[in-house]
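Asker: Quick one: structure below, then a few questions.
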Amino acid sequence: MGDEDWEAEINPHMSSYVPIFEKDRYSGENGDNFNRTPASSSEMDDGPSRRDHFMKSGFASGRNFGNRDAGECNKRDNTSTMGGFGVGKSFGNRGFSNSRFEDGDSSGFWRESSNDCEDNPTRNRGFSKRGGYRDGNNSEASGPYRRGGRGSFRGCRGGFGLGSPNNDLDPDECMQRTGGLFGSRRPVLSGTGNGDTSQSRSGSGSERGGYKGLNEEVITGSGKNSWKSEAEGGESSDTQGPKVTYIPPPPPEDEDSIFAHYQTGINFDKYDTILVEVSGHDAPPAILTFEEANLCQTLNNNIAKAGYTKLTPVQKYSIPIILAGRDLMACAQTGSGKTAAFLLPILAHMMHDGITASRFKELQEPECIIVAPTRELVNQIYLEARKFSFGTCVRAVVIYGGTQLGHSIRQIVQGCNILCATPGRLMDIIGKEKIGLKQIKYLVLDEADRMLDMGFGPEMKKLISCPGMPSKEQRQTLMFSATFPEEIQRLAAEFLKSNYLFVAVGQVGGACRDVQQTVLQVGQFSKREKLVEILRNIGDERTMVFVETKKKADFIATFLCQEKISTTSIHGDREQREREQALGDFRFGKCPVLVATSVAARGLDIENVQHVINFDLPSTIDEYVHRIGRTGRCGNTGRAISFFDLESDNHLAQPLVKVLTDAQQDVPAWLEEIAFSTYIPGFSGSTRGNVFASVDTRKGKSTLNTAGFSSSQAPNPVDDESWD
């Protein structure tokens, strides 16, 4: 997306240019009558409805796409609509005319005023998230020209085009038209611009031609990308794609809602028996109670209101380490309280040392930045920070993609001490110079292994290289995750001081033992039938179903609804409003089944999730561990069922056997046979004998038990079993 006029967004009184559209019939030789006011209201609607007159504020013609030169159809059929695309060669040639906005007879877009902003509702006239077109009307049109999603037109992969108004859609081929039941931006049926349902090879809106929306890069004249695909589970930079107008509703402000907390399960007390490994020199001793942390009274009151009475192992070790000012890499099982482990000591320091940011400062300079890979997770961290800082002078702010940039800026300028952000939106805000980095004392990477891999690693390196960002010697850097592969540990050295401490709680990279794991051998074409069978036996118990692709998430959710199983879906192609609505429906029981991609695999803490079903196994074992960690949290028990396809999942056999064995789960004989008949370089045949699945890559460790705090010097580390 181009540069946004955030000053106009912040000032709602600034006037915005609103383009005026003409009637839907062609009136002008070159279609250059975009701003002429109609003589009467009836002028917009007169004349019979024709296929050539596609819609108001729509495309130039229902036949303008699918040709190499869209102008050919216009010149031949002499028809156009006002407010959409003019004549010329703007589309149908795999891109834009000159890849920029132009005016004149051959303009691909109308020209916009420079003071246009996201707050203007007319900004809905533009491209939808996956390449479709919006005309500012959220309601669907009736009749054969019905629009799907939220006004988007596209083919199989988000391009332009609509099925023929005269063709009947085959329900077996097209479960959803364009967005369908779940409002997703992913249709199934491809179609060219002239109504044909067959694929085109050049200028059509189908999968094999034309503009494919978010999945296709558009190269501008300067050689830079105007649009770029976003990674699943993450977000794209706000400098790309259309402007976003969504403003999320504020969270409830009443004290009961702020301090609503997760109920611990019957196995919570078993945490005391988990072994803890601390690596590094001069590690401070662990604490046993919150009182030993010497926190201020307000913070202790908030801890009590939140229902925290007992420390988890990761909290016992991490809190004193952070209070001592040491850099930390902490690895603990899913659902073990890692968020509180870093928030509490950071807040304690800030309240003791005083804060610098306030709403009276023009440039906000937060003391702490917390970065997480997904929007849902970063919002969850913000709610925890707001809870623990309740009644204090510390103000937490959350910013993430999919929401209006102006809204994010307005939240920051009101005062920001702790900034919770996703990488893309954070870099946009820094680029707008709305925050300063000179006062940063704490940098936290949650789900750090994901933040440092190829998905977000470059953005994180850019962050620590930003002007004003204190060097790693002048700030405290904290990393938390349930999995820390060795290569990620090596990358982390660029962010951490050389004397950082490594805390490994229990089975590093291992699954939570409170989750009962079952692996079923199910072929690809038998999965749907098996899924329905399991869900019918489960009943209304809350269940998450994981699939590998966004398209399949919507397809499976639609299929389950047809089977009378209330289901919703969440994935990276859904608008943020839709993602939040889906999570809300699942969280509050309206839809007991949530079909998700990896966007929901990490960090999400949804109470009372009893089942996780891996409809598709992930590509890595680490992702498997994170997925099944959505259940069995805080000492509660859960169940995970995975469908193992012999044709596509053999590469996971050995690491899966190891995870099952380490978590003391039953291993099917057929899975062991596959595992030990498959050679994976670097993988040891033994699945037992090493207490920790992966260890600190440095030397000098002490293994401790959280119950007795006995320590013993561990021998020099041996080569790990590489199973990630």
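Just so you know, glycine gets a Cβ as well, placed from its N, Cα and C.
According to Swiss-Prot, the protein has these features:
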type	residues	note
BINDING	ALA332, GLN333, THR334, GLY335, SER336, GLY337, LYS338, THR339	ATP binding site
COMPBIAS	30-42	compositional bias 'Polar residues'
COMPBIAS	150-162	compositional bias 'Gly residues'
COMPBIAS	704-715	compositional bias 'Polar residues'
DOMAIN	319-502	domain 'Helicase ATP-binding'
DOMAIN	530-675	domain 'Helicase C-terminal'
MOD_RES	SER222	phosphoserine
MOD_RES	SER226	phosphoserine
MOD_RES	SER722	phosphoserine
REGION	1-246	region 'Disordered'
REGION	228-247	region 'Interaction with RANBP9'
REGION	704-724	region 'Disordered'
Asker: Among all chains shown, work out which of the binding-site residues GLN333, THR334, SER336, THR339 has the most CB atoms within 10 A of its CB.
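Answerer: Per the Cβ count within 10 Å, the most buried is GLN333.
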Asker: Under 8 Å Cβ-Cβ from ALA332 (ATP binding site), six or more apart in the same chain: what's there?
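Answerer: Same-chain residues close to ALA332 (ATP binding site) (Cβ under 8 Å, separated by 6 or more) are THR312, PRO313, VAL314, LYS338, ALA341, PHE480, ALA482, VAL503, ALA504, VAL505, GLY506.
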Asker: Neighbours of the ATP site ALA332, GLN333, THR334, GLY335, SER336, GLY337, LYS338, THR339: Cβ within 8 Å of the Cβ centroid, same chain, sequence order.
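Answerer: Here the non-site neighbours turn out to be THR312, VAL314, ALA482, ARG633.
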Asker: Using all protein chains in view, find how many other C-beta atoms are within 10 Å of the C-beta of GLY335 (ATP binding site).
Answerer: 24
Asker: Relative to the Cβ position of GLY337 (ATP binding site), how many further Cβ atoms are located within 10 Å?
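Answerer: Total other Cβ atoms inside 10 Å, all chains included: 22.
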Asker: On the DSSP side of things, how many residues of the domain 'Helicase C-terminal' (530-675) fall into helix, strand and coil, could you say?
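Answerer: For that range the per-state counts are 65 helix, 23 strand, 58 coil.
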Asker: Looking only at Cβ atoms, how many others are within 10 Å of the one on LYS338 (ATP binding site)?
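Answerer: Result for LYS338 (ATP binding site): 24 other Cβ atoms within 10 Å.
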